[in-house]
Amino acid sequence: MQLPTDLLPALVLFTGKLSAAQSLGRAWVPGPCRSPTEAQCNFLCDCGDCSDETQCGYNGALPGLGTSFTCDFEQDPCGWQDISTSGYSWVRDRAGAQPERPVAHTDHTRGTDLGWYMSVGAHRGMEASTAALRSPVLREAGPACELRLWYHAASGDVAGLQLELTHSAEALTLWQSSGPWGPGWQELAVTTGRIQGDFRVTFSATRNATHRGAVALDDVEFWDCGLPTPQATCPLSQHHCTNAACIEPHQLCDGEDNCGDGSDEDPLTCSHHTGTDFETGLGLWNHSEGPAWNLSTGGPKGSAWPHRDHSRNSAQGSFLVSTAKPGNPAILLSPQLQASGSRNCSLIFYHYLHGSKDARLELLLQMQGPGAPQAPALLRQRHGELGAAWVRDRVDIWSAHPFRILLAGETGPGGIVGLDDLILSDHCKIIPGDVTWAPLSPVPWPKAPHPQQSTLQGSCEAGQLACGDLCVPPEQLCDFQPHCAQGEDEHECGTTDFEAAAAGGWEDASVGRLQWGRQAAQESRGMGRAAAGYFLSLQRAWGQLRAEARALTPILGPSGPHCELHMAYYFHSHPRGFLALAVVDSSSRELVWQAPRSSSRDWRVDKVLLGAHHRPFRLELVALVDLEGPGQEGAGVDNVTMRDCSPTVTTEKDREVTCNFEWDTCGWHLGHLTDVHWRRVESHSSGYDHTTGQGFFMLLDPAEPPTRGYHAHLLTGPLVPAAPEQCLSFWFQLHGPQTGTLRLAMRRDSGEDVQLWSASGTHGNRWHQAWATLHHQLGPSSKYQLLFQGLRDGYDGIMALDDVTVRPGTCPAPWRCSFEDSACSFSSGGQGLWRRQTSTSGPAIPGPWADHTTETAQGHYMVVDTSPDMLPRGHVASLTSEEHWPLLHPACLTFWYHLSLRSPGTLKVRVEEGGWHQTLSISEHGGLAWHLGSMDVQAKQAWRVVFEAVAAGVENSYIALDDILLQDGPCPRPGSCDFESGLCGWSHLAWPGLGGYSWDWSSGATPSRYPRPPVDHTLGTAAGHFAFFETSVLGPGGRAAWLRSEPLLATEASCLRFWYHMGFPEHFYKGELRVLLVSAAGQLAVWVGGGRLRHQWLEAQVEVTSTQEFQIVFEATLGGQPVQGPIALDDIEYLPGQRCQWPALSPGEHWAVNVSVAAAVSGALLFLVLLVLLILAGWHWLQKGRGWPFRRSTDSAAPGFDNILFNADQVTLPAAVTSDP
């Protein structure tokens, strides 16, 4: 499960009172609306229906606490407009509408190909150009306003991205980047600061001759942007602004316009405060010796440099910055101060830490005078990455001695530490006169995780840890493998009981009203624990930005598959709140644990499986609790322990590749590269295992929310080969109308992945066996890993695995081969003339424009060049399979072949069983289509199949093969199928332009999440099988699904018979089943069936005529809005050369017959004439006051017409004119 940077606050709507200021900022004011100009797009729902906040770059759903004003682009662009001046421009789009290279494979909102986003597609021009997307006019952003959005840009594909805010005074660059960008959707969060009046936001992408410029944008959110609304009275202790808004007392004179009219920062109100905004210099503050704080203004001076100051929220505003190196900070000194009376002296300051994990800002107090401590006391420390934002903090000082405040800043390469708006309260009295004072160097507290001094006396390089005679480089710190004799390199790496000030390396990274901090147990309120020791506690803070509190470990890893985190935690939040643990890396944030809802105040112990992760990653504690609410709410963490995290930790179980998953996952573990994961689940009503039908199996549901990653991994640890060749067999299931791809790969020591097997799309609602031979190079250090990869290139269906087995030796020939990953152990005899190829990369041999499996130019097939210079006339090129196991029952061998337009010769298919041969010869003129070949096979001994191409000596000719399949039962006649063994020669591959959905195959008894008929027609039992399609998936993203026959020969008259089933709810006749004839001349609808006669099998027959080769297509579609219900087919029978016979209907039987177009049109015209006459008669009846002529009493049983559906170009008659049985 992915955890965005804001922890998806919608995950848990925090309805408690975070703070009065926040609640006021999101208030809904009932009553009459103000004038449209004032009320529109100001982040406040002034109208009851929030109509004043639509088309504002967001749409006006009334937000509550913990929510935002959001545009997800699902309905419309929310008022965003493209203002580009070239063909490189923004459009609203979705992946499902772009079958070839979409900008993003899924949107961010839904995580599927049906979701919408704004995108700018790849542009092939050579000139540099910019695509700009601009928001509508927005009004009055509050000081804590934050804009969050998600963007998708393939690294290297875009020259630059920029987010800009334009208002009357200037254009502010909120963010800009030239990459590199990580894979998938990336979150961007920026603060706008206080913006008075009207403004717009513009997101732009730049391309050039080397960058094609494909970018997508989704889920634009505005957080905490509304100003407080006027109130007649304010709650006790709050300040009533001049404009009648209410704010918290601490927001007075804090350097931000919280009221909205500036009255809280009025010079008269704040006359006793002393502020320094650095617009005219350092003011009362001075530099210490050594590196200095530099006065600067905003602008593009570097990727981490502040683009604007805090005081004026302007690029022309001034602030202080430090780029001092670690260990040699820049120090800023206050004048000598004295706290007046018994009141605290308070300092409000705004700081900026961005661009380096080593950035550090410390606030220290140096007391003076007789009896004062000599060492400076550390009052506040911030460390690490806080983002490109000015963060507020406040320190309250009480001292009987005069004192100075020291602000020390340092950072690592590329980082910036900034200061602005230092505000001393009215109880800070400046002592006049010059007092000589030499400051001491500040001592970091808590200490840095890894001290830099040792017996090596500074001979280690910067960033290295010195221990004994070793210099441990940064990449080996916290890698769960001790390198120092005493393990110093693993001391501050997350494991801690929080008794020491270093806190195990955990550091607070909060920027809002909550923070994490060490707290003594006796100081806590209401926690059921012994009053001794320290723990990490959720505390109040002075930040003004995001509400949730965050704490991070140092960089960790890599970790092994057994890595666990054990901890004690306290969490009490009523009614709502959250405490969670996330794993954070450079491009993603994954939620791995969340505390359950509880009203208990007791401590609990829990453990979290972290699993294998690549370095670098960090652990993050995130919490949101209303500390100001009733009930002593709070959260805390203690006794954190990382166990078995070394990647070298192995157990006997890690070598268990053979697994039925009944007790655990054996030696298989989950990959953590994305938020999509395999899960071990128990058999249930919609899924079952293969081992027993009631046990456990591994399941991947690509639609499981909120997954957005592209793939999920299930892999072993490093394994040592037990034999030069091993056979890996497994059972898999791919089921659903839009299922993704399942792959098997072997990862070698070098990191190379060798693809062994793959399958895409639905394979029906049953388990299939597959196998692959593992070829090893034996050696003392030779190791490998096995990897199952589930790709989310389908979003409605399941993938499942069970009963994985490995044994020595090679595997038998596979039952199914698509040639997508390999030649399936087929060997090309003689000169090796058969070759595996695609049509995209300039095929070495002429061949079809697309393969049969994927029907794209990227698909693979086997082909042989039968031109005379490659294969002389009469010569043979053979393609031989591996040995097949003996067959227990008769089977059907099917294959698809493609012959060139110029006759290439003869394709012979020979089954060899011992000394017995069975041969099929195909010799015909070629064409543009793949054709299906089949032959019955009965083999009681091991056997092989040999494909032989016998050349005819014709130039530029070829023979191609694809999709070889062995299935139980005899081969059906062309165009016919009872579906007991599968789909026969019928193809359910999603047809381009129809939405990417496929017909499926099942029985009534087999568990499935999709509704289907309870029994089939062939057997009349729940064990019988049929083809079906669940129409509820259709809608805006998919118009229809096709089930296509193999190509059939031209015919003057042939009969198509079939049984169909409509499973729609009562009164919902939305589904339609059509029969189409598709040929090179186009497509023709010859039969249409509605859903009036529901929940029963109905027979239909259609007389077919075609002057050229054609395919029969069953099209499942909708006649209205999506309604859950299946359309099913069974017992399709195609009788070439035979006209349909129309038997008389017996009582209780229903026939659906084809209606000619002429008859349908004539009937429609006649019906329309009658309908007009009836309407005129009815109107005449009403005029005379006689009531509606068709109104019936409740007892009336007069017969009438029913279920007559009018479409724009056709009339669909009911299946029978009699009433339902």
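Quick reminder: no glycine exception, Cβ is built from N, Cα and C everywhere.
TrEMBL does not curate its annotations; it predicts them automatically.
Model, not experiment: these values are computed from the prediction.
Annotated features in TrEMBL:
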SIGNAL    1-21  signal peptide
DOMAIN    69-227  domain 'MAM'
DISULFID  Cys234-Cys246  disulfide bond
DISULFID  Cys241-Cys259  disulfide bond
DOMAIN    274-430  domain 'MAM'
DISULFID  Cys478-Cys493  disulfide bond
DOMAIN    494-647  domain 'MAM'
DOMAIN    657-813  domain 'MAM'
DOMAIN    815-973  domain 'MAM'
DOMAIN    975-1142  domain 'MAM'
TRANSMEM  1157-1182  transmembrane segment
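Proximity to Cys259 (disulfide bond), defined by a C-alpha to C-alpha distance within 10 angstroms, is shown by the following disulfide-bonded residues from Cys246, Cys478, Cys493: Cys246. Nearest neighbour of Cys234 (disulfide bond) by Cα distance, taken over the disulfide-bonded residues Cys241, Cys478, Cys493: Cys241. It is Cys234, among the disulfide-bonded residues Cys234, Cys246, Cys478, Cys493, whose Cβ has the fewest other Cβ atoms within 10 Å in the structure shown.
Most Cβ pairs under 8 A with the domain 'MAM' (657-813) among the ranges 69-227, 494-647, 975-1142 are made by 975-1142. Here the CA atom of Cys493 (disulfide bond) lies 48 Å from the CA atom of Cys241 (disulfide bond). It is 44 Å from the Cα atom of Cys246 (disulfide bond) to that of Cys493 (disulfide bond). Per-residue confidence over the domain 'MAM' (815-973) averages 90 (mean pLDDT, predicted model).
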